[in-house]
Amino acid sequence: MSQEVAAFKLVLVGDGGTGKTTFVKRHETGEFVNRYNATLGVEVHPLNFATDCGNIRFDVWDTAGQEKFGGLRDGYYINGQCGIIMFDVTSRITYKNVPNWHRDLVRVCENIPIVLCGNKVDVKERKVKAKTITFHRKKNLQYYDISAKSNYNFEKPFLWLARKLAGNPSLEFVATPALRPAETAIDPEVMQAMQKDLEEANAMPLPDEDDADF
């Protein structure tokens, strides 16, 4: 008798070129099982994780480049149960556009757990520094530095979302997800420095910004 799997629609958004598809395809099941929804121009990647509370599957909706042609259709967001907003830490404009993606997502999905991810932290020319990443704190989202190419923090967004969706803050993954081999590596000292920067940034008071988008 096969074990029942809890499945959730995960909406993945962000500017084109931020590494969304690369990120999803790091997971082996996401690489070889994907369904293309031609109507919406969407690829759906089922990503499976084993937890100490049973198996969970995120059906990750990836835009397949549709965001380059303007906003996404509501059909992309409808019935979304959780979300990841991605930007590129080497491109300030992709972070500047995060509020737009967040607005569109919550307009349709309202109160769903959302993770903000700053991708490409393996690149030395980081433009969006930890201290300038404040949007998640204003909107009560979770934030992670990630690197799709090095697999750095790959499982963190999924673990946080799984805990929220299961209503169990102590839920753990019981097996490391099968990931494609890393294409690059991040020096452990650099990782520690990034983590320290994030912790210090999160401890700072939020700037007084009178900006409707934020």
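Just so it is clear, glycine is given a Cβ too, placed from its N, Cα and C backbone atoms.
Per Swiss-Prot, domain 'Small GTPase Ran-type' is recorded for 4-168. Residues annotated as GTP binding site in Swiss-Prot, with similarity to another entry given as evidence: 15-22, Gly65, 119-122, 147-149. Annotated region 'Switch-I' per Swiss-Prot: 34-42, in sequence order, evidence recorded as sequence analysis. Per Swiss-Prot, the feature region 'Switch-II' maps to 65-81.
Shown on the structure are the features that Swiss-Prot records.
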residue : record           : Cβ within 10 Å
Asp15   : GTP binding site : 21
Gly17   : GTP binding site : 14
Gly19   : GTP binding site : 20
Thr21   : GTP binding site : 20
Lys120  : GTP binding site : 26
Asp122  : GTP binding site : 24
Ala148  : GTP binding site : 27
